[in-house]
Amino acid sequence: MTTETGTWTVKKGLAEMLKGGVIMDVTTPEQAKIAEEAGACAVMALERVPADIRAAGGVARMADPTVILRIMDAVTIPVMAKARIGHFVEAQVLESLGIDYIDESEVLTPADDLFHINKNDFKVPFVCGARNLGEALRRIGEGAAMIRTKGEPGTGNVVEAVRHARQVMSEIRKLTTLPKEERMSFAKEIGAPYELVCLVAETGRLPVVNFAAGGIATPADAALMMQLGVDGVFVGSGIFKSGDPIRRAKAIVAATTHYNDPKVIAEVSKDLGEPMVGIEIPTIPAEQRMQERGW
């Protein structure tokens, strides 16, 4: 099998086109159209949103290609889909469908508990989750063109996304102050490629776009993550598990765009109906926390 590969620079550029935007999880063509009309920059095609995956338990796999193709036919914006961690054949299938981006996602049950997908083998850009700088740079070293916080998906609780965003940024700040001779030890300490550690030290940021994901449920949540310094947001269960998905979708897009304007955020937050029911993180057993998946 011959694989056409896109260069990492090209794939990174495709991901940068989504900067400042909102990516919404959708399970039907109708939801995809709502997301597009609300101003989403892309949609994530799924059979079940993370809250339903969490509630159902069992093994969560790649969505049925028919579901993905119907969503792709319904909208003109880019469509993403999820593959299991390490499941390179699911990724090959998604690429063959013509998907725009692949999310190697901890929301699905990992297929490989030792290795992630070698993303350099694919022409389609990959997005991967990270809780810290080491995870982010390992994924980029494997070819990821976009990073997102892991958060804790399907909870409607933004606390873990905040923790992961702050952790990455804190480690970047620390790295930029290190003398050059200490960079190799730092790379060893966090388990990251030395060349990428040096690049981050020189630029003061990740070499790819960094979005927030996992628990974003309100316009204020989205604005919070943007003010913390991320490049955009993923919203999973927070829209279509709420009382008024259309209004909430538009409000989250507006809050992401005008994240530094509390008056706009206040205005779009009015009369949105009930948000999704949230889950306190300490009530989730450690073995059921999706953020722990991957390494």
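Backbone N, Cα and C define each Cβ position, glycine as well.
The active site, schiff-base intermediate with D-ribose 5-phosphate feature in Swiss-Prot is assigned to K82. The D-ribose 5-phosphate binding site feature in Swiss-Prot is assigned to D25, G154, G215, G236, S237. Feature annotation from Swiss-Prot assigns D-glyceraldehyde 3-phosphate binding site to R166; the stated evidence is sequence analysis.
Largest Cα-to-Cα span within the D-ribose 5-phosphate-binding set D25, G154, G215, G236, S237: 12 Å. According to its DSSP assignment, S237 (D-ribose 5-phosphate binding site) is helical. Taking CA atoms as the reference points, the residue listed as 'D-glyceraldehyde 3-phosphate binding site' and G215 (D-ribose 5-phosphate binding site) are 15 Å apart. Secondary structure at K82 (active site, schiff-base intermediate with D-ribose 5-phosphate), as computed by DSSP, is strand. Under the DSSP three-state reduction, the residue listed as 'D-glyceraldehyde 3-phosphate binding site' is assigned to helix. Secondary structure at G154 (D-ribose 5-phosphate binding site), as computed by DSSP, is coil.
Rounded to a whole value, the Cα-Cα separation of G236 (D-ribose 5-phosphate binding site) and K82 (active site, schiff-base intermediate with D-ribose 5-phosphate) is 12 Å. The distance from the Cα of S237 (D-ribose 5-phosphate binding site) to the Cα of K82 (active site, schiff-base intermediate with D-ribose 5-phosphate) comes to 15 Å. Residue pair the residue listed as 'active site, schiff-base intermediate with D-ribose 5-phosphate' / D25 (D-ribose 5-phosphate binding site) shows a Cα separation of 10 Å.
In this structure, G154 is the one among the binding-site residues G154, G215 with the smallest number of other Cβ atoms inside 10 Å of its Cβ. Mapped onto three states, the DSSP output places D25 (D-ribose 5-phosphate binding site) in strand. Mapped onto three states, the DSSP output places G215 (D-ribose 5-phosphate binding site) in coil.
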